[in-house]
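*Asks:* Mind having a look at this structure? Questions to follow.
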Amino acid sequence: MVVSRARVQDPATGEHRDVMYKGMASELFVPYMDPTEAWYFKTYMDAGEYGFGLQAMPLVPLNDCPRHARYLDAVFVAADGRPYVRENMICVFERYAGDIAWRHSESPITGMDIRESRPKVTLVARMAASVANYDYIVDWEFQMDGLVRIKVGLSGILMVKGTQYSHMNQVHQNDNMYGTLLSENVIGVIHDHFVTFRLDMDIDGADNSFVKVAMARQNTGAGESPRKSYLKATRHVARTEKDAQVRLKLYEPSEFHIVNPMKKTRVGNPVGYKVVPAGTAASLLDPEDPPQKRGAFTNNQIWVTPYNKTEEWAGGLFVYQSKGEDTLATWSERDRPIENKDLVLWYTLGFHHVPCQEDFPIMPTVSSSFDLKPVNFFESNPILGQRPTQENDLPVCAAAATTS
């Protein structure tokens, strides 16, 4: 699923403003953590080796998507080059899950009886791909305040191996199973999933810059304040690609903005969007390990490159026998200028998976996500004028009549 020309309508002017020219999952890297002869090579590139779109599966109405969803067909290419159509490959639907878009109530001590709340209603576009044993669910969720949430869910069947063990009391202390005993004679092998997204950003136009807003503790001077410290934010505009390579650190936090330096709000802030990470994981493999050299695009969670039409697939064009010579990591070694350029932002969403018995034989969906969130893109809260929901706005569901 490729999202093209994502724009948001400015409630103040009615203008449809550019946010992203093109967004898609570029590559999926799935290394298994068993170095023995029968398993060491199981380090898959699910897009480059199998085809993430090619392995997409028709969605099941009422189960993959809600009753009110609408479905899109997709055109595929056969081995002889002929196109063919498959139905129900993408579903689009509005989601109202009882979440709150914004609210405020005045404290009773003010004497004002003000209670305002608005429901959050979003638009979701969804696909699912079954790449051999694993199923991936990808949601692009568009919120009314301009936020875009990109979510990946994992389900399907674990990749397992046979074992002589039928109970953990048979396992010697020094035995390395490289996984978890899930059932009698079945081990689920530890592995990672990394999904790298390519996001061609166009914030109010093609020429953008990447800004890292670093947050650090600032100590107060003697006698300056009863406080000993506070949080200070410092903006740094990335000049070249290496300036924009990011490894997330919990105790060295930053915000990551894509801005249009030529467009400013009425008070002078550059309009922009920021990448908001959620739960993610980083590769722990040795950088010189052959699988990691092929998957070197996972060395950072964020990369920023100048637009190049040949750079679409983070693992390169030919990943089967790749030795890492054509990846996002090698492109970025050129350290090209990225200030006030047509930029592509790359974000890697990661999962460490130590299997457990609840994952077997088919695992419940595990999900994570990241957001593209407006930052000084609007003059104020863009959904402040949204009207509240009234009783007659929502359907009332009644139990279906039954017959004996």
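Along the chain as shown, residues are numbered 1 onward.
Glycine residues also receive a Cβ, built from the backbone N, Cα and C atoms like all the rest.
TrEMBL lists these features:
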type	residues	note
ACT_SITE	ASP46	active site, proton acceptor
ACT_SITE	TYR134	active site, schiff-base intermediate with substrate
DOMAIN	1-383	domain 'Copper amine oxidase catalytic'
MOD_RES	TYR134	2',4',5'-topaquinone
*Asks:* Determine the Cβ neighbour count for the residue listed as 'active site, proton acceptor': the number of other Cβ atoms within 10 Å of its Cβ.
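*Replies:* Taking every protein chain into account, the count is 23.
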*Asks:* Under 8 Å Cβ to Cβ from the residue listed as 'active site, schiff-base intermediate with substrate', same chain, six or more residues apart: give me those in sequence order, or none if nothing qualifies.
*Replies:* VAL30, ASP46, LEU154, SER155, GLY156, ILE157, MET159, HIS193
*Asks:* Let me know the model's mean pLDDT on the domain 'Copper amine oxidase catalytic' (1-383).
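*Replies:* Here the predicted model's pLDDT, averaged over the domain 'Copper amine oxidase catalytic' (1-383), is 95.
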